[in-house]
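Here is what Swiss-Prot says about this protein:
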type	residues	note
ACT_SITE	Glu91	active site, proton acceptor
ACT_SITE	Cys332	active site, S-methylcysteine intermediate
BINDING	Cys111, Cys115, Cys118	[4Fe-4S] cluster binding site
BINDING	Gly158, Glu159, Ser190, Ser213, Leu214, His215, Asn289	S-adenosyl-L-methionine binding site
DISULFID	Cys104-Cys332	disulfide bond
DOMAIN	97-327	domain 'Radical SAM core'
Amino acid sequence: MENILDFTLEELKEWLISKEEKAFRAKQVFDWIYNKLIFDFNNMKNIPYKTKNLLSDNFYVGVPKVVKKLMSQDKNTYKFLFEYKDGNIIESVVMKYKHGNSICVSTQVGCRMGCKFCASTLDGVIRNLTSGEILSQIMAAQKEIGERISNVVLMGSGEPLDNFENVTKFLDLVTSDTTLNIGQRHITLSTCGIVPKIKELADKNYNITLAISLHSPEDLLRKEMMPIANKYSIKELMEACDYYINKTNRRITFEYALVKGKNDSIKEAKKLSTVLKGKLCHVNLIPVNEIKENSYEKSTLKNIESFGNILKENGIETTIRREMGADINAACGQLRRSYVSK
């Protein structure tokens, strides 16, 4: 059986026609799934009994089961552990803002990138998620909170560009007016910096925001923090970013997790200013999430602000990320790992 969420409307139409069914039934089915959030074919009232049986025999609506749901004390952040049909568990985080609800979705079960500050990668990668499985996190979360989600961040477990085909199909699906109709400008894709895939993504000409996990302007330190830096130097990464900016005319966000005594010095801030000077970019400074498997400590607020001020003085737009959901392990990979380790 196949997950119907992996299908575009046109693909489902073609399948129905091949079974001597009416093509317009595909639109009716999509309406039930994406607008009414009905995930059982038998509850789709305007679908004939014969067609329901045909669909049930060949497809399932692959929305995951909620195995854990946590809500922060301020009620603005929800953390979900979702379980797929094969028993694999991933996590998603919903953040409520005045401008709308945002979800951070996972693209893989685990991750193989090995970034030292990330809990998602500690057990390696188990498998890629399909386009429909990524999409299903949004649908399951919408059903749980009873509200529409209008912004998507691909920044949960997994490296999106390490699952390129499924992630790009997800982008095509989620932005389609036949499914969730989320605007491309409301989507952010975060990557540790797989250079050839950044260029390939640029050639797709999406209007999404690309976020690069940078974390150091120096190759030696970046190699220590992020194994991907052993393959691609900062020079190569910046060349790929320039290609992306020139191709899409979209501003890039550089994520920079500040670790006390490691990458939060004035010297590092000045070097970062030099690396990014003149680029169409924005820097998001992040107090690092402390995990027991490493000795990384959060930089002090004073250091973070001083670091940011140097960037601003050099004409680089900079913000400090607001921490949300710290009381519910909302950082990437923390909740899933504590759950599966039991």
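Just so you know, glycine gets a Cβ as well, placed from its N, Cα and C.
Long-range Cβ contacts of Gly158 (S-adenosyl-L-methionine binding site) within its own chain (separation 6+, distance under 8 Å): Ser106, Thr107, Gln108, Val109, Gly110, Cys111, Ser120, Val125, Asn128, Leu129.
Mean pLDDT of the predicted structure over the domain 'Radical SAM core' (97-327): 94. In the three-state DSSP assignment, the secondary structure recorded for Glu159 (S-adenosyl-L-methionine binding site) is coil.
Of the listed recorded positions Cys104, Cys111, Cys115, Cys118, Leu214, the Cβ environment within 10 Å is emptiest of other Cβ atoms at Cys115. Packing around Glu91 (active site, proton acceptor) is summarised by its Cβ count: 26 other Cβ atoms lie within 10 angstroms of its Cβ, all protein chains included. Comparing the binding-site residues Ser190, Ser213, Asn289 on other C-beta atoms within 10 angstroms of each C-beta gives the minimum for Asn289.
Cα of Asn289 (S-adenosyl-L-methionine binding site) to Cα of Cys118 ([4Fe-4S] cluster binding site): a distance of 8 Å. The C-beta environment of Glu159 (S-adenosyl-L-methionine binding site), restricted to residues of the same chain at least 6 apart in sequence and closer than 8 Å, consists of Thr107, Gln108, Cys111, Arg112, Met113, Thr191, Cys192, Ile194. Mapped onto three states, the DSSP output places Cys104 (disulfide bond) in strand. On the backbone, the CA of Cys118 ([4Fe-4S] cluster binding site) and the CA of His215 (S-adenosyl-L-methionine binding site) stand 12 Å apart.
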